[in-house]
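Written out below as structure tokens is the structure these notes cover.
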Amino acid sequence: MLGLQRETSSMYKRTSSRDYSPMIDVEDSSGLLENDVDNEMETTNPSWKCSLPHVLVATISSFLFGYHLGVVNEPLESISSDLGFSGDTLAEGLVVSVCLGGAFLGSLFSGGVADGFGRRRAFQICALPMILGAFVSGVSNSLAVMLLGRFLVGTGMGLGPPVAALYVTEVSPAFVRGTYGSFIQIATCLGLMAALFIGIPVHNITGWWRVCFWLSTIPAALLALGMFLCAESPQWLFKQGKIAEAEAEFERLLGGSHVKTAMAELYKLDLDKTDEPDVVSLSELLYGRHSRVVFIGSTLFALQQLSGINAVFYFSSTVFKSAGVPSDLGNIFVGVSNLLGSVIAMVLMDKVGRKLLLLWSFIGMAAAMALQVGATSSYLPHFSALCLSVGGTLVFVLTFALGAGPVPGLLLPEIFPSRIRAKAMAFCMSVHWVINFFVGLLFLRLLEKLGPRLLYSMFSTFCLMAVMFVKRNVIETKGKTLQEIEISLLAKP
């Protein structure tokens, strides 16, 4: 469990996993794998309780991600007034969006940090700029200092999601990996809602926006400290040649009876990859033997953003205001829809599978965008159009949270081979942030030039394209170990 005393790495000799000679003959590892898998299937799955505390600590990074996405929404007017740029829409936009620049930079380095320092240390490195940036934002007395603080926070936001996806995927037993992966999305929703509720007093208490930033240092510090007690990824330890430590961490996460099977799977994969270099280059990701899965991952993230989710979040306040609903109440409705969809996804992820959730999620989002298109019709009464618009917004957020939101972050670490997993996630997340930036930058301009009907039709078309892409390219990973998924992908021509 979480509180067990960690054995120091100095007790173990650091050797290459390929040179290490275990007690069992490595040449027999393939047969051992098959026998052990059969035996284990005849008994029971590993206990989910062993890995749960480690997953919960890791999802603090996702809570922080959601919190910092929403922390300036309510206080922005007070911030601009206190710092002297009230009415300057460009400056206000920079305060909101400068995080994206930091997040893009952080995502570029996330793979190197996760592979170089390990998953646990990567979380701690992620927490540092979040603590420093939140403190700087809270004490800022000018726009420049505020932007510096927000940029620092953004770098932590860019580091956190890829590392969280990697860690949760690598420490979770196969039969609950989908459920645990959904915790990431739920934590993000809770962070967004926490930022909303904490920001409510900002209109009545002078300088409350500073408290909103400072409060975020508490979960960031808990993340950094909690990781001292958490298990390191056994896959990462194995790659580093720390065989005994990998076995010890498997025992903490799965239980002693499942260690031999898990290690045999790693040895089988290691034998299959003896001709591959240790260093993963960008050219290998784009043109190497695993380029197809990298293409699938980056395209999924691109389609996720091109579906219009951030535009819907951005425009939801206007939609609710036009229907006579206060913006803060409208934000609560959106937050509840997001959380409800995420909870349903958590329940269904390991029952119906990732692919089916993705398909129905994008289908539902396309239908919701069709409702938005219908709401722009001049033939509808005003009240009916408002109902369609509000209903379309809530249905879109709900169906997004069912699959298109949580599944890519879970699915990609599952289908990426262990050797390239961190670097491939970093590449795909950088694609995510670039598309995110341009959608946010161009949405209002396109809305003005094209009108809502054509723009929402484009978003609906992207959702339908995503349905076809998922149906053709995405494999089902439900209930399979990471090693089984990798072996099946390697077996494909």
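Cβ coordinates are placed from backbone N, Cα and C, and glycine is handled just like the others.
Noted in Swiss-Prot for the protein shown:
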- 1-14: compositional bias 'Polar residues' (COMPBIAS)
- 1-24: region 'Disordered' (REGION)
- 52-72: transmembrane segment (TRANSMEM)
- 94-114: transmembrane segment (TRANSMEM)
- 128-148: transmembrane segment (TRANSMEM)
- 151-171: transmembrane segment (TRANSMEM)
- 182-202: transmembrane segment (TRANSMEM)
- 211-231: transmembrane segment (TRANSMEM)
- 293-313: transmembrane segment (TRANSMEM)
- 329-349: transmembrane segment (TRANSMEM)
- 356-376: transmembrane segment (TRANSMEM)
- 392-412: transmembrane segment (TRANSMEM)
- 424-444: transmembrane segment (TRANSMEM)
- 450-470: transmembrane segment (TRANSMEM)
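Contact between the transmembrane segment (211-231) and the transmembrane segment (424-444) does not hold: fewer than three of their C-beta pairs are under 8 Å, each pair 6 or more apart in sequence. Outside the transmembrane segment (392-412) by six or more residues, the chain places 161, 164-165, 168-169, 177-178, 181-182, 184-185, 189, 297, 300-301, 304, 307-309, 312-313, 316, 319-320, 333-334, 337-342, 344-346, 348-349, 354, 357-365, 367-372, 374-375, 424-425, 428, 466, 474, 477 with a CB less than 8 A from a CB of the stretch. Between the transmembrane segment (182-202) and the transmembrane segment (293-313) there are fewer than 3 Cβ pairs closer than 8 Å, counting only residues 6 or more apart in sequence, so the two stretches are not in contact. Most Cβ pairs under 8 Å with the transmembrane segment (52-72) belong to 151-171, among the candidate stretches 94-114, 151-171, 293-313, 329-349, 356-376. Highlighted: of the candidate stretches 293-313, 329-349, 424-444, 424-444 has the greatest count of Cβ pairs under 8 Å to the transmembrane segment (94-114). Here the transmembrane segment (424-444) sits apart from the transmembrane segment (329-349); fewer than 3 CB pairs are under 8 Å, leaving out pairs fewer than 6 apart in sequence. Sequence-distant contacts of the transmembrane segment (450-470), counting only residues of its own chain at least 6 positions beyond either end whose CB sits under 8 Å from a CB of the stretch, comprise 299-300, 303-304, 306-308, 311, 355, 358-359, 362-363, 365-366, 369-370, 372-373, 376, 404, 443.
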